[in-house]
Amino acid sequence: MFFHGTSRVNDKGHLEIGGVDTVDLAKEYGTPLYIYDVALIRERARGFKEAFQKHGVKAQVAYASKAFSSIAMVQLAEEEGLSLDVVSGGELYTALQAGFPPERIHFHGNNKSRDELMMALDHGVGCIVVDNFYELELLEQLSKQYGKKTAILLRVTPGVEAHTHDYILTGQEDSKFGFDLNNGQADEALQKALSSPHFSVMGIHCHIGSQIFETTGFVLAAQKIFQKIGQWKETYGFIPTVVNLGGGFGIRYTSDDDPIPVSEYVDQIVEEVKKQASEKNIPMPEIWIEPGRSLVGDAGTTIYSIGSRKDVPNVRHYVAVDGGMSDNIRPALYDAKYEAVLANRVLDEKNEIVAIAGKCCESGDMLIWDLPLPKASPGDYLAVFCTGAYGYSMANNYNRIPRPAVVFVENGEAQLVVKRETYEDLVRLDVPLKTKVNK
Ligand SMILES: Cc1ncc(COP(=O)(O)O)c(C=O)c1O
Ligand SMILES: N[C@@H](CCCC[NH3+])C(=O)O
């Protein structure tokens, strides 16, 4: 077992995060409850920024808000001087509501709607990462209509395969994202964008996957992109001011994961970009990255209440909690692995191996298959670690289970940053049958 950030065991044997007893939090705010270690998020953000500062290069670290978007989270990213990656009108709206400076927002997405693009233009979003020909045309029309010269990056698919789960690979050729770098699509897109008076092409973007533990993929992607940039300089006189290498930096979910320090990714990326820029004889571009998971993943812990139990003799002990795939779909979707402890009895002897089941009506609704735990019973709390990324943001109302609350903790203080959904919230958008109204 390992603890992240400020997590520790207090003298009651309870899990404490940010100087706050998680059992007290569970009692006050109910369960399931997401708790974020704010100091750890700050540390991660500073780690990325300092890694670039050390090299004295121009860089932007954009928080990929898809990992966890809420007003408070976006404000925290702002406080830490991060830029922001949004992929939908909803994420953009959240950022704007949080007062995030629009010029530091980058707008992504493989199927942005006309309305979403107009929203971005209305609010003066810093740059739009154009993903496909449809968008290129639509955005050109809109920019013309607005009388604007829109700053764009072109998202390319460099054909680099990162070592990760199949479903979260996005940099390979057979991908729904981006212009293919190798089959002429990226060349055509760049040529079109450069020939339009309504675009200012800042540079190129790629994202090769997620939960990546090696630097090789990033280096390779940079090499492939610069190979093209070399050609584009000759053909179109194009010199990018920005090269964005995306996110995807891996984190430690369980003791089996062994992530490399963030500075190693950054060192390799910076060195390769410097080398490539000098070889191609172009000025050093700004390097942008957009980490999500590695900023917030291990800062999040979910607390559940233990409920029912079912023993299948000689097979398995199922222990159920009051959440599941409705608040963490990653085990069901990616076979993702997590570790957990009893928050109220962290140091008790772990005398059985149990399977942690969720409460959804779905056999695949399992959070952990083989967790060593003290014999747990109702009244105990389970703390599942590393749920900060793609937990709340992928939460859903399957079985009409309300989404949990989210609490930030720091320096002994807790702040509720997302309220728990209520049953009223669940039916708020429902419209009764006409025949039942006013009866
Ligand atoms: C374009 C883009 N940028 C950034 C990210 C963030 O990835 P991660 O959370 O793995 O850092 C993603 C998600 O994989 C993405 O698709
Ligand atoms: N949602 C995924 C990662 C996809 C990232 C978005 N491109 C996860 O939970 O790991």
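Every residue gets a Cβ built from N, Cα and C, even glycine.
Listed in TrEMBL:
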DOMAIN    34-388  domain 'Orn/DAP/Arg decarboxylase 2 C-terminal'
DOMAIN    40-296  domain 'Orn/DAP/Arg decarboxylase 2 N-terminal'
MOD_RES   Lys66  N6-(pyridoxal phosphate)lysine
BINDING   Gly248, Glu290, Pro291, Gly292, Arg293, Tyr390  pyridoxal 5'-phosphate binding site
BINDING   Arg293, Arg330, Tyr334, Glu362, Tyr390  substrate binding site
ACT_SITE  Cys361  active site, proton donor
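Annotated features taken from TrEMBL, shown on the structure.
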{"residue": "Lys66", "record": "N6-(pyridoxal phosphate)lysine", "DSSP class": "helix"}
{"residue": "Gly248", "record": "pyridoxal 5'-phosphate binding site", "DSSP class": "coil"}
{"residue": "Glu290", "record": "pyridoxal 5'-phosphate binding site", "DSSP class": "coil"}
{"residue": "Arg330", "record": "substrate binding site", "DSSP class": "helix"}
{"residue": "Cys361", "record": "active site, proton donor", "DSSP class": "coil"}
{"residue": "Tyr390", "record": "pyridoxal 5'-phosphate binding site", "DSSP class": "coil"}
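Less than 6 Å separates the Cβ from ligand 2 in the case of Arg330, Tyr390, drawn from the binding-site residues Glu290, Pro291, Arg330, Glu362, Tyr390 in sequence order.
Each residue contributes its Cα atom, and for Arg293 (pyridoxal 5'-phosphate binding site) and Tyr334 (substrate binding site) these two points are 15 Å apart.
Most other Cβ atoms within 10 A: among the binding-site residues Tyr334, Tyr390, that distinction falls to Tyr390. Counting other Cβ atoms within 10 Å of each Cβ, the lowest count among the binding-site residues Pro291, Gly292 belongs to Gly292. Checking the recorded positions Gly292, Arg330, Cys361 against ligand 1, the ones whose Cβ sits under 6 Å from it are Gly292. It is 7 Å from the Cα atom of Lys66 (N6-(pyridoxal phosphate)lysine) to that of Gly292 (pyridoxal 5'-phosphate binding site). The pyridoxal 5'-phosphate-binding residues named in the record, Gly248, Glu290, Pro291, Gly292, Arg293, Tyr390, extend over a maximum Cα to Cα distance of 15 Å. Binding residues for substrate (Arg293, Arg330, Tyr334, Glu362, Tyr390) extend across at most 27 Å, taking the greatest CA-CA distance. Considering only the binding-site residues Glu290, Glu362, the Cβ with the fewest other Cβ atoms within 10 Å is that of Glu362. Note on proximity: of the binding-site residues Glu290, Pro291, Gly292, the one nearest Cys361 (active site, proton donor) is Gly292, by Cα distance. The shortest Cα-Cα distance between Glu362 (substrate binding site) and any of the binding-site residues Gly248, Glu290, Pro291, Tyr390 is the one to Tyr390. Of all the binding-site residues in the list Glu290, Pro291, Gly292, Tyr390, the shortest Cα-Cα distance to Arg330 (substrate binding site) is found for Tyr390.
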